[in-house]
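Annotated features, as they stand in TrEMBL:
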- B:Ala6, B:Met7, B:Ser8, B:Gly9, B:Gly10, B:Val11, B:Asp12, B:Ser13, B:Leu32, B:Gly125: ATP binding site (BINDING)
- B:Cys101: active site, nucleophile (ACT_SITE)
- B:His126: site 'Interaction with tRNA' (SITE)
- B:Cys204: active site, cysteine persulfide intermediate (ACT_SITE)
- B:214-278: domain 'tRNA-specific 2-thiouridylase MnmA-like central' (DOMAIN)
- B:288-364: domain 'tRNA-specific 2-thiouridylase MnmA-like C-terminal' (DOMAIN)
- B:Gln348: site 'Interaction with tRNA' (SITE)
Amino acid sequence: MLTPTPVYLDHAATTPVLDEVVEVVVRTMRQVGNASSLHSPGREARRVVEESRERVAEALRVRPSEVIFTSGGTESDNIAVKGTYAARLAAGRDSGARRDRLVVSGVEHHAVLDSVEHLVRHQGARVTWVEPDADGVVTPQALAAAIEADGGPGTVALASVMWANNEVGTVQPVPELAAVAHEHDIPFHSDAVQALGQVPLDLSAVDLGVVTGHKIGGPLGVGVLTAGRDQSPVPLTHGGGQERQLRSGTLDTPGIAGLAEAVAHAAEHQASHARHLSVLRDALIEGALALDDGITVSGRWSPGDVTGRLPGNVHLRVADCEGDSLLYLLDAAGIACSTGSACQAGVPRPSHVLLAMGVPEAEARGALRLTLGHGSERADVDAFLAALPPALERARRAHAASRSRA
Amino acid sequence: MRVVAAMSGGVDSAVAAARMIDAGHEVVGVHLALAQSAATLRESARGCCTLEDAGDARRVADRLGIPFYVWDMAERFREDVVEDFVAEYAAGRTPNPCLRCNEKIKFAALLDKALALGFDAVATGHYAQVVEVPDAAAPGGVRRELHRAVDAAKDQSYVLGVLDAEQLAHSFFPLGDTTKPQIRQEAAERGFSVAKKPDSHDICFIADGDTRGWLADRLGSRPGPVVDPDGTVLGEHGGAHGYTVGQRRGLGLKVPPADGSKRYVVSTDTTTNTVVVGPEELLGVDLVAADHVRWCGPAPTGELRVGAQVRAHGQEHPATVQVESGGGSPDRLTVRLDERIRGVAPGQSVVLYDGTRVVGSGTIARAGRASGATVG
């Protein structure tokens, strides 16, 4: 049992569950019924699932039939990338085309990156990475160039660019990017896990969209893949044929009901939530920069901006510092945050997102991500800003100590 | 005190961390990631560098309710331990990487980082004891001495013989007063999942334990002659760096010895790439010169009587040591053993004891006979 952490600045990792979500989940959990059963309890479960599907569809601006319930963002991304690759490769083969190429941004989440790497390593896929600019933005021009490269548009199975980056908070021009892909009838996939609830989201702009519950006050372990009606990815899971044959498995009725509650809440309150978070974000960034102590903001940021950068995202790079030292010192001071990058066996690695943005490796090691969400208040910002200077000082000493050779 | 408990994922460091908490310290668990690629799950507990080991350490920390972090020291470990190990072998010496790791990583890189972050000390699961002795001259009026563990079979004071007074001042070895079976029992009583985990052994960065093969991959094959003490060529070897003084197996000699006696490596010379083999009696030495001297307390001068140990689990041999204090230059040792001993190779460490107290250590530069030709 760890000491309770009073200041939670890691909402991009997961969020506290909303009270109304807990109520819906608990209430639904008390009901028996498999949504695939034909009897009365089954019909009742089915009703909960379908009403949830309709709520989610409305919030994400797609049709109910385009909503596929999954176990979360990672599974949804896997189906979108691997399933679409397999379907497009097979369809291309029938028409004599070699559609074996994925056009993917270099700043994707590992759920996408590693799915792509898997296809390259084990299924003979090719990949063209679309590199972002220094702010982490993937431009339509860069995507168009990548589609034209390596054999041209006819060889592309799928284009994938996330809606908003989980580390540096950069929001991508997704409708424009999707339009570039659609010029060549290439399906476009976007991981919108971080975007939901923070920026306006219209998943009808993309062929395959991904959101998950636990980033918006919903339950862990349940998420959504939106798949346009003309998309038929090859399923990765086989069995009872639920969810348009795309994702077999007994539906998690309570989880889905809770997810729908959270998604509806996120969409309904997006604008006011974004304004509230952006005020805190700007105070946090301005306070950190005011220390004038070797701190840089990653990605693009201008005060009051609620569309170019996630309103709840702060990503700082601290010179001559290890992010994991800062993480420990802030944790000890009661502040939960993140370095932002994935770990391997708990070992922080320099972030591929920062490296793709052209940040030098030494600088990338001093990364600190602070993410705000519902429940965040000005007091959280103040607590962080108070804890930062002593943590910086100690972390710099540790950095110097681990550099010097005995 | 605020203490970093270095947690390898094994049973010893788990109990050490628990004991530090019981003693009232504020403890944070730290697992060192030392392997270049940690993404392997291995069954046997050879070292402390696998995902499974990190996971085991994390589970113990969770159970103890302490924060737990993985610190990446793979780069420092590669530079200071692995590359040093390869270079030593390339130069025809036989190093002990555990001493180097303690000197440069656990009680240097780790300790320095911990101190900078605001900790007071590092605790490990080594079997050794720190004894506090009143000393008016020491800071705080107390001097910390390093002593052998109670459990002679597990005693690890040898690999800690490189620690200086400053490092010892910030080190805790909470297991030194207990035997290994008691530690395993204590781990089980504490409900640690690692209670029955096998002991680690061999060299942690050589996964399959095949040191010669591992070295051959890095140093390549360099065939040269195997000769007898008179210089007669008896066969060919794949590189003098693959041979250690005292080695008998794997010589690959086609010509049987004239007298039918067993033959041992008595010396190697990486300059001429020659391996010299000879009868057992040529292995005995009683004069050892050592450099890279480290004192676990105030540096002695002149001549002193000690027990000298030249291998991690070897015997202690009575000896007289002459310390050559070089003024500004590093100390050197000349160790005169009362009786000839075998298995002394350049590169090994000689650790000096006064009773159970560790006085210091040196790296063996040359070994030979007081009355005869230098060997090795």
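A Cβ is built for glycine as well, from the same backbone N, Cα and C atoms used for every other residue.
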Would you mind sorting out which of B:Gly10, B:Leu32, B:Cys101, B:Cys204 (the recorded positions) have a C-alpha within 10 A of the one on B:His126 (site 'Interaction with tRNA')? none
Sequence-ordered list of residues in the chain of B:Cys101 (active site, nucleophile) that lie 6 or more positions away and have a Cβ within less than 8 Å of its Cβ, or none, is B:Phe77, B:Asp80, B:Val81
Maximal Cα-Cα distance (Å) across residues annotated as binding ATP, namely B:Ala6, B:Met7, B:Ser8, B:Gly9, B:Gly10, B:Val11, B:Asp12, B:Ser13, B:Leu32, B:Gly125: 16
What does the structure give for the C-alpha distance between B:Ser8 (ATP binding site) and B:Cys204 (active site, cysteine persulfide intermediate)? Integer Å is fine. 11
Once DSSP output is merged into helix, strand and coil, B:Cys101 (active site, nucleophile) belongs to helix
According to DSSP, which of helix, strand or coil covers B:Ala6 (ATP binding site)? strand
Please report the DSSP secondary structure of B:Leu32 (ATP binding site), reduced to three states. strand
Rounded Cα-Cα span from B:Gln348 (site 'Interaction with tRNA') to B:Gly10 (ATP binding site), Å: 26
Provide, as an integer number of angstrom, the distance between the C-alpha atoms of B:Gln348 (site 'Interaction with tRNA') and the residue listed as 'active site, cysteine persulfide intermediate'. 18
What's the CA to CA span in angstrom from B:Asp12 (ATP binding site) over to the residue listed as 'active site, cysteine persulfide intermediate'? 16
